[in-house]
């Protein structure tokens, strides 16, 4: 039975017997029940199951009650606690001091009882002890009999819960490297300490020859293979063959060992085998392959591909694209953050984005900044709308989740990206129809294969994400909220064909105005690597909250100050230079799972 990470709800009160405690019991419990209902009705785990909370059986008026509740929570995979109170309580006697939980307190903003006073006292206690805790306090005074949760409080509770559940879902899971370093890309040279210390994850290594072994020995479900291949033939239409008419060098011609008309058969096997490597598949045990049936306990992974694989075998573009999509030949299903070129840091960027949204992460090269002047010079036309200040060309070398087509529709008929459990058959078919599969350019991919080719055809709010590693500092996070752009078709065609017309394209315009985001050029210039991952929605504030839980400082973002939500201890390092305070507190606290 699957054990989900949960949030413990702790109602705390003034413990004085003889009228005080008795007058607070009902209100405190109502607050706790309301918080539990809000979280469980709003948030979902990556598999679509509603998030679960555990409500304490009693209110907490002192250390005796706190100890009983701690015992109740033991063994239930409580990753975080939310303490709620309408009144003064006894500071350190009622606080959650478990070193293994992420903490928040919601203090009721009312006049009859000083919930805000306890909140401040508890935050002072946490700061003295060097324990980060999130402070939740409503903007407006409420009446004592008002049992609603104000909107601003709801937003903070949900941001805290989203981040905490993301932390819990990563803990103990694996990132599976299939292959090793790709083309000298530093992000594909995995840093095991980063995964262990900051994410609580294991790192698994699987040589790419394992795929060939399983193909040769037929270590895969033959029924699943037939289903996948038939689905591909029915739904994955082929696009252009960029190799037609070329006089290719002999070294290219003799490098392709899988005949072109057998590419899809090889690719279908590759896709199901890589999925089996990451996850459990009991069908393999039925076939006698019990060790392989157990999988690698994965939550994310990546495939090296270039060049030791792609120089002679069909590339991994289909596998990479379909793993990260919200569907495959079995219909809608949970996405997997799966990185091209095994860029582990972009794989983590994908993972953070998809855990916060439950939507497909789109892997891209942060390829080119196109200024309005350059576009006018090259195309004779001007950029307009969201694109008017210039655009960044997000384009991957053949593999991006098909949700990036923006062909799915919301209830009002608008193009969007969805969680897998909201994807309809019409949505799936629309994404497939908006994608064609172009034969790989043999000059770059001698072994052939097919690239997912589409363009994002909707103006959607998105957030571009990148985790970087800096020697002496450690991991850092970059965030750019903005919009995908629909540009003039003539402009698109000219710009797209200057790069590679067989690859998936998204035109991105970041929101400008914040420091580091003075111009679109500045964003491109500040970006820390050649790759980025974007997800649907403006989730920069949630990413900042999650990063603070993991103790990863944010070096670039365009989230307005009023949306930033970090533990109260961060304000202890200053309220003017927030970036400096972020670095200082993350350094002081150290990684979440520091040894």
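Using the three backbone atoms N, Cα and C, a Cβ is placed for every residue, glycine included.
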Matching residue for the Mn(2+) site, where Swiss-Prot names 341, 531 - out of 311, 317, 365, 500: 365
Position of peak Cβ density within 10 Å, selected from the recorded positions 341, 365: 341
Distance [Cα-Cα, Å, rounded] between residue 531 (Mn(2+) binding site) and residue 341 (active site, proton acceptor): 10
Residue pair residue 365 (Mn(2+) binding site), residue 341 (active site, proton acceptor) - Cα distance, angstrom, rounded: 11
